[in-house]
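Novice: As listed in TrEMBL for this protein:
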type	residues	note
DOMAIN	24-107	domain 'FMN-binding'
TRANSMEM	125-143	transmembrane segment
TRANSMEM	155-173	transmembrane segment
TRANSMEM	193-208	transmembrane segment
TRANSMEM	245-264	transmembrane segment
Amino acid sequence: LYIAWADSDEQTQRGYVAIGEADGYGGPLRAAVGVDLNGNVISVAIVDNKETRSWYDRVMSRGFLDFFPGKSYDEPFQLGVDIDSVSGATNTSRAIAESVLAGSQIVASELGFPVEEAAPPKIQFGIPEITLLALFAVGYIGHQRKFKYKKHTRWATMLVGLVVLGFIYNSPLTLSYIVKLTLGYWPQWQTNLYWYFLIGGILFVFTVDNKNPYCEWFCPFGAAQECLAVIGVAKVRSPGRYRRVLAWVQRIVTLTAVLLGVFFRSPGLSSYEIFGTLFSLVGT
């Protein structure tokens, strides 16, 4: 907590500056929040974040921080209620709002204002989570040898994954998820059930069946590739003697991205995939 003075002589106090923290898409996000002596936010600056750069820049370019000056510590700071989120970057927007609220309440407590204890976040369980669980279940059943309608079922799950998880909610599996897991950045489960279902589902099926239904049955980008192959009547071509070399190049690039994300402790740094470019027209 820092004191903010109105003049260089430190005679007139303007307020305080506190650091608030919340869970973002890529890990902890911290904001420096200037608050006046009445508990109203004066200004906000993000001092540390682990977000994917393109999405963070998108939020900043929309002037998201301009929503906060003038707001009081006892307002809800809820997206869709008194703050407009940035489309496609809900997690980053929510983290900024929560960190600003946390910082303002730190100052309010210092000023002696009554600060209500933060209520536990509401559990967010909706269409993305239901769709993901259903796709895992169908994918697990569908890849069994005795299942008769494998081809038709697989196309159905791929199209659902492409449309719902890809274009509508833009929630494919990315390397940043893996780096978050490696770094121990475990977000609040109440607001990140999709993240836990996705990672947990893949690990669970791998453990009990040594299969990965996500990649084979409903990966949005994989589905897009197969759809384009059908539309373009693409033929399967083997790289021949370069097959093994190219496979190792792919592994090395992926491992390098993960290691960079771990080294810099920034999951967003590892997101070199083109998923965002395809599904939301925002590149990394």
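We number each residue from 1, going along the chain as drawn.
Using N, Cα and C of the backbone, Cβ positions are placed for all residues, glycine too.
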Novice: Counting only CB pairs under 8 A, let me know which of 125-143, 155-173, 245-264 has the most with the transmembrane segment (193-208).
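Specialist: Comparing 125-143, 155-173, 245-264: 125-143 has the most Cβ pairs near the transmembrane segment (193-208).
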Novice: What is the three-state DSSP composition of the domain 'FMN-binding' (24-107), stated as helix, strand and coil residue counts?
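Specialist: Breakdown, helix to coil: 31 helix, 21 strand, 32 coil.
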Novice: How about long-range neighbours of the transmembrane segment (245-264): same chain, 6 or more residues beyond its ends, C-beta under 8 Å?
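Specialist: That would be 175-176, 178-179, 182-183, 239, 270, 272.
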Novice: Take every residue in the domain 'FMN-binding' (24-107), average their pLDDT values, and give the whole-number result.
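Specialist: Across the residues of the domain 'FMN-binding' (24-107) the model's pLDDT averages 88 on the 0 to 100 scale.
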Novice: Can you name the far-off residues of the same chain, 6+ from the ends of the transmembrane segment (155-173), with a Cβ under 8 Å from a Cβ of it?
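Specialist: Distant contacts of the transmembrane segment (155-173): 88, 127-128, 131-132, 135, 138-139, 142, 194, 198, 202, 214, 217-224, 226-227, 273, 275-276, 278-280.
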